[in-house]
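Enquirer: Below are the structure tokens for one structure; questions will follow.
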Amino acid sequence: MIIINCAFVTIGVVGVPLLMRLYFLHGGNRKWLTSFTQSCGFPILIFPLTFLFAQSKLSTRKNDEISLSFWLEPKMFLSSAFFGVLFGASNFMYSLGLSYIPVSTSSLLFATQLCFIAFFSWLIVKQKFTAFSINAVVVMTIGSVLLGINTDGDRPVGVSKAQYLLGFLLTWGAAALAGLMMPLVELSFSKATRNITYASLLQFQFMLSIFATIVCVIGMLINKDFQAIPREANEFELGKAKYYIIIVATAVLGQLSVVGTVGVIVYASALFNGILTSVLVPVTGVAAVIFYHESFTGLKGMALALCLWGFCSYFCGEYKMMKKVVNNETPETIAEVETRLRTSDDHEEP
């Protein structure tokens with residue numbers, strides 16, 4: 001399950017920014033629409049949920065009732081609604097920011113969510129820190145500051161310095177909000193009273209996306225995006241058909257990304273999800289340089305190096321900690337590591 005969800009995160013983290021930037025580069029200008037596409041793909045989850053429901057019904061036919069573990073418990077439903085609102089706000093901030101800055105810059109900036117995840121994980125789920133993890137937080141923060149200094153080197157044509165700085169701050173704010181949400185999601189699942197199944201995970205994500213989509217729909221209605229979509233499609237530089245293909249593809253990849261993110265948090269941890277996202281930063285940056293011929297300035301290269309340095313530092317720290325546990329398997333150390341990993345086994349019913 002961890003491998004599958006990591007694959008979903010990889011597809012979404014790399015694919016969504018590239019598609020969104022393609023939309024903006026060729027005439028798209030609706031920020032609420034791009035926010036909407038990041039969460040509106042939830043109907044595709046109906047198919048796996050229907051299959052899992054039928055499977056649950058068949059497995060409990062002898063008892064003449066469907067197992068309660070299939071359904072999302074009420075407090076988790078309320079949590080998904082709350083996180084959906086936050087997710088919708090984060091999507092809008094990210095979309096608006098990406099309209100002003102290149103994909104490679106946006107990806108490096110959003111990688112700083114690891115710093116926020118680390119801080120909020122320590123604050124909310126009592127994640128323990130080592131010298132290696134602290135080093136990772138510091139160097140990745142420095143990397144993002146370097147990008148903020150680079151307001152002239154990679155500013156897209158037609159974007160003012162003020163707009164570039166706004167894009168920088170909005171993307172960083174979206175990273176901070178995402179960094180807050182992930183430990184809160186981890187905490188919510190750890191407090192669940194029912195057994196956490198993949199069906200309940202998908203239901204949680206389904207409801208989260210619905211509420212995020214509602215937030216974006218309200219913004220689109222206020223901004224009159226629905227009336228503007230047909231006109232924008234007709235004027236799109238790549239053609240009307242490709243306009244709608246980009247919209248649909250972004251929605252599908254965005255949904256896979258969210259499913260993968262929630263899955264990684266449940267089956268591993270919020271901090272591990274932040275590490276995975278940071279690993280994908282070089283992939284997204286290189287892809288943006290290849291497909292969109294974006295500049296890769298010296299400061300951006302330094303920021304990328306610091307990002308990789310932070311990841312390697314964290315990875316080395318985790319490796320050394322696990323090695324110590326293996327060499328000294330006391331009940332206390334084993335219990336500590338099991339608590340940190342927060343695997344699905346922690347959610348067994350009493």
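Cβ from N, Cα, C; glycine included.
Straight out of TrEMBL:
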TRANSMEM  7-24  transmembrane segment
TRANSMEM  36-55  transmembrane segment
TRANSMEM  76-94  transmembrane segment
TRANSMEM  100-125  transmembrane segment
TRANSMEM  132-150  transmembrane segment
TRANSMEM  162-185  transmembrane segment
TRANSMEM  206-223  transmembrane segment
TRANSMEM  243-268  transmembrane segment
TRANSMEM  275-293  transmembrane segment
TRANSMEM  299-317  transmembrane segment
Enquirer: Tell me, please, if the transmembrane segment (36-55) and the transmembrane segment (100-125) are in contact, taking contact as 3+ Cβ pairs under 8 Å between residues separated by 6 or more positions?
Expert: no
Enquirer: Taking the transmembrane segment (100-125) as reference, which of 206-223, 243-268, 299-317 has the most Cβ pairs under 8 angstroms?
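Expert: Per the Cβ count, the answer is 299-317.
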Enquirer: Check the transmembrane segment (76-94) against each of 162-185, 206-223, 243-268, 275-293 and return whichever range has the most CB pairs under 8 Å.
Expert: 206-223
Enquirer: Cβ pairs under 8 Å only, please: of the recorded stretches 7-24, 206-223, 243-268, 275-293, 299-317, which one is richest in them relative to the transmembrane segment (162-185)?
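Expert: When the Cβ pairs under 8 Å are tallied, 243-268 comes out ahead.
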Enquirer: Between the stretches 7-24, 206-223, 243-268, which one has more Cβ pairs under 8 Å with the transmembrane segment (275-293) than any other?
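Expert: Maximum Cβ contact count belongs to 7-24.
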Enquirer: Report, as numbers and ranges, which residues of the same chain sit near the transmembrane segment (243-268): CB under 8 Å and 6 or more residues beyond its ends.
Expert: 1-2, 4-13, 15-16, 19-20, 22-23, 28, 33-34, 37-42, 44-45, 87, 182, 185-186, 189, 196, 198, 201-202, 204-205, 208-209, 232-233, 236, 276, 341-344
